[in-house]
Protein chains: 2
Amino acid sequence: MSSRPNLALIGATGAVGTVMRDIVSTREDIWGEIRLVASARSAGKVLRVRGEDVVVQALAPEVFDGIDVAIFDVPDEVSAEWVPIAAARGPVVIDKSGTFRMEPDVPLVVPEVNPLDARNRPRNIISTPNCTTLSMMAAMGALHAGFTLSELVVASYQAVSGAGVAGSARLYDEVEALAGDRSLGQVAGDVRGVLADKLPGESPFPAPIAFNVVPWAGSYKEGGWASEELKLRNESRKILGIPELKVSATCVRVPVITTHSLAVHARFEREITVADAHRVLEAAPSVVLMDDPAGGVFPTPLEVVGNDPTYVGRVRQAVDFPNTLDLFVCGDNLRKGAALNAAEIAELVASEK
Amino acid sequence: MSSRPNLALIGATGAVGTVMRDIVSTREDIWGEIRLVASARSAGKVLRVRGEDVVVQALAPEVFDGIDVAIFDVPDEVSAEWVPIAAARGPVVIDKSGTFRMEPDVPLVVPEVNPLDARNRPRNIISTPNCTTLSMMAAMGALHAGFTLSELVVASYQAVSGAGVAGSARLYDEVEALAGDRSLGQVAGDVRGVLADKLPGESPFPAPIAFNVVPWAGSYKEGGWASEELKLRNESRKILGIPELKVSATCVRVPVITTHSLAVHARFEREITVADAHRVLEAAPSVVLMDDPAGGVFPTPLEVVGNDPTYVGRVRQAVDFPNTLDLFVCGDNLRKGAALNAAEIAELVASEK
């Protein structure tokens, strides 16, 4: 690869695309051309990247000509159609969609955890994980390396921007529609009706999200599972390289704009103490330990949003379970959870000689 | 006990007291006098109960004279001082505080689960559980009766009214202080500083709660545990009568006014299917099953608030764990979680001959 490889961002106008433009503009500038690509609807828009105006191009086979690395952040069905076209035309494709993640000949990469997997990409495609899985991977990868993870029970507190720009707008709109009503805590009332009157558009969520939590994320899967819950299981196994890892997850959307949080109950093969975990997490790249609850120190999503690392707090030794820790993790779902991980994989590929 | 026993409500002006007055006014009227008692500060106030005006009396030994059942909903230290005084003066005391719950000679009662324990009260005191524990007890008690519970991993989504009237006011105030700022999802900024400027009073929460989740509830305990997490463990064991039950919990406050939710990962001694669980939960008193996620049916706290039952949804068979279910439970923390359970214990006592 030339010393200044060319990068294309496909889906440059979405929630993740916006953060992606910020990331490539503020990290060490290793790229030659940065091409912005989106749907025909957004083509012609002018967006800033690295302080320069760039005209958005419509997705077409020709936009991949001369490109070394293409990062896709588009809906699954667009990836299914266009990623193979792009990959056949030359660039290494880094795909954020769920389409290829579990394919055996497509690596699923978190650079802090399994960077070498990125080199083995027979289809010229590398997938980047679901944002919920990513929120805990740097931390769990570091702990697994030392203590061998065997079981994970996870409950998520997922931010609305995980459902895109429409998700954030919906929470802001609902909060404004319900603000001033101080009866919310007494009677159920017809909240859906009130919201439907005030906000006639469709919500990206299956229930009211302001002043509420919604135990559903993704699409319906067999056995009553939500797709997001099975992704967390299957992707954790693949990234960590533990095909027999036991995982149960409940994914819940909460009225937080950005940054996913996870309550994690993690069992290891080897004995592990809180002090062990603190030592490993303090040394881990991209992880920040915030764990002094007696002093009021633990991460909260609103206070770590916009930052790259995974924040870990509330590390406790399970009282009744051997070799088991309970902990609380926060990660910005638009940064490490999406754009940043893709950018880091792109830099990994660009650094190959 | 006479056919129309007299009831005293101690702490009648608080968040739970308000719901308690509503409950004794709307359930079958079995009480003679209902006496309202609060701190000296609130004495003389006139409150409605059973459609009548009642003057609040100041807490003093004499207020228990002629009373058959006294329900205490006051801070731990007030219970520690006054519950023994009351119990010595005659009435059976039902105490909502944490003070006596784990004492071996004080029963901890959920009428649907362990009603007989209420009869064995050598100190004339019956405790009612922490609201987080109570949110799941009716459901878990029913499942335990059929399948023998052995392990619980719980993550909570706790409403702010669990911290009293001040908790609800704080969330409303913070939402109003931050409303209109659509930059919350991009950068962490100094949210604490902004809130401190706009809301100079002390918050009942150790971090901003609007547009946030806060992984802390209660006071600091050894090993980094929050008191609420250990209560959930110890009280579940006592109520269910399983001293060796394995429990790990992470308690998280969410921006919901009322109704606690719990993501529960429950392992049983006996084989259990989703169909088994549905059958048991549909038959269980005080439990409502809402479990058709493909049709958008699951409980959310904002939509079940103000109702008495425990709502259960998202029942799934754990893919990797034997005899294990994952489920999602919602219960109104001011009703079943507090006032209703105390009222039901009071009725149980009143029904004794």
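Including glycine, each Cβ sits where the backbone N, Cα and C put it.
Taken verbatim from TrEMBL:
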DOMAIN    A:6-121  domain 'Semialdehyde dehydrogenase NAD-binding'
ACT_SITE  A:Cys131  active site, acyl-thioester intermediate
ACT_SITE  A:His260  active site, proton acceptor
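Around A:Cys131 (active site, acyl-thioester intermediate), the C-beta neighbours below 8 angstroms that are at least 6 residues distant in the chain are A:Gly162, A:His260, A:Asn333, A:Leu334, A:Gly337, A:Ala338. Residue density at A:His260 (active site, proton acceptor): 30 other Cβ atoms are found within 10 A of its Cβ, drawing on all protein chains shown.
As a summary of secondary structure, the domain 'Semialdehyde dehydrogenase NAD-binding' (A:6-121) carries 37 helix, 28 strand, 51 coil according to DSSP. Model confidence over the domain 'Semialdehyde dehydrogenase NAD-binding' (A:6-121) stands at 94, taken as the mean pLDDT rounded to a whole number.
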